[in-house]
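Visitor: Below you'll find the structure I mean.
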Amino acid sequence: MSKHVAVLLGGTSAEREVSLNSGKACADALEGEGYRVTRVDVGPDIASVLTALRPDAAFNALHGPDGEDGTIQGLLEILKIPYTHSGVLASALAMNKERAKTVMRAAGVDVPEGRIVNRREAARTHPLPPPYVVKPIAEGSSVGVIIVRDGRSHPPQILASEEWTFGEQVLAEPYIAGRELTCGVMGDKALGVIEVKAATGDWYDYDAKYAPGGSVHVLPAELKPNVYQRVQELSLTAHQALGCRGVSRADLRYDDTPGGTGLLVVLEVNTQPGMTQTSLVPEMAAHAGLSFGELVRWMVEDASLNR
């Protein structure tokens, strides 16, 4: 009998649409690989739904709070349902950007400097000299990220408004010029390195990530061999330091601008990277010789408890 896999998708976070797309792609691919699949749009009744289903494994295609912060992982541990991706602690750590930086820094991974400030304080006075970046402590997909350009006289006022729904504390970091790099990790191996370029502008924001034609992916990234290898080493070290399992993706900045610092830093580790057939990790896996179906099959067969 084929293995029964519950694909967890949707949810209620700001990344719901991304999760629906990831979940559909993974569910379709798993059916193509011969698994019996149930698509589960996650809501408040998720515990009773999974208790009734009793799947052999859960494929976690959720993004954002509740899906990649240790919450759903803890529930799956309680229900004794093996699941994909990282466990409770690694998920919670990686979702909190400042705490993740503390752990990565202790493991020798270069990360940006920065400080946590109250959002209203950051709307009154610049928390850092411009240019700098303000971001929610626990969101993904560039949701809520603001770049404050050099020469801007006033801090971003949206931080003091009711429109800001991403928490009272924000993370401010110096803006690092240069290139946006990303590297996936699968098990104990780093995949290829992609340079991501926004089709318009100089920032890889939510629209650049998900709108058709919003970005250009250069794979393999055109880097000196030693830099390429260093990106892979940093990504794998960050994955291991945070205790990640299965598949993750590290996002980095590399300042190779004329007269620049040469700085190479890990911005964050995504424990639930996008999983459509055109997402970054599947693209890296394909470059390494793995089809999308083979990738999701590996993830299901890697599923376990106590991750």
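Indices start at 1 and increase along the chain as displayed.
Just so you know, glycine gets a Cβ as well, placed from its N, Cα and C.
Straight out of Swiss-Prot:
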- 127-182: ATP binding site (BINDING)
- Asp251, Glu268: Mg(2+) 1 binding site (BINDING)
- Glu268, Asn270: Mg(2+) 2 binding site (BINDING)
- 101-301: domain 'ATP-grasp' (DOMAIN)
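Please go over these features one by one and say how buried each is and what sits next to it.
Guide: Sequence-distant neighbours of Ile176 (ATP binding site) (same chain, six or more apart, CB under 8 Å from its CB) are Pro112, Arg253, Asp255, Leu263, Val265, listed in sequence order.
Around Asp251 (Mg(2+) 1 binding site), the same-chain residues six or more apart in sequence whose CB sits under 8 Å from its CB are Glu180, Leu181, Thr182, Val266, Leu267, Glu268, Val269, Asn270, listed in sequence order. Under DSSP, Asp251 (Mg(2+) 1 binding site) is assigned to a strand (E or B) in the three-state scheme.
Counting every protein chain shown, the number of other Cβ atoms lying within 10 Å of the Cβ of Asn270 (Mg(2+) 2 binding site) is 24.
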Visitor: Go through Val134, Val148, our binding-site residues, and report the one whose Cβ sees the most other Cβ atoms within 10 Å.
Guide: Val134
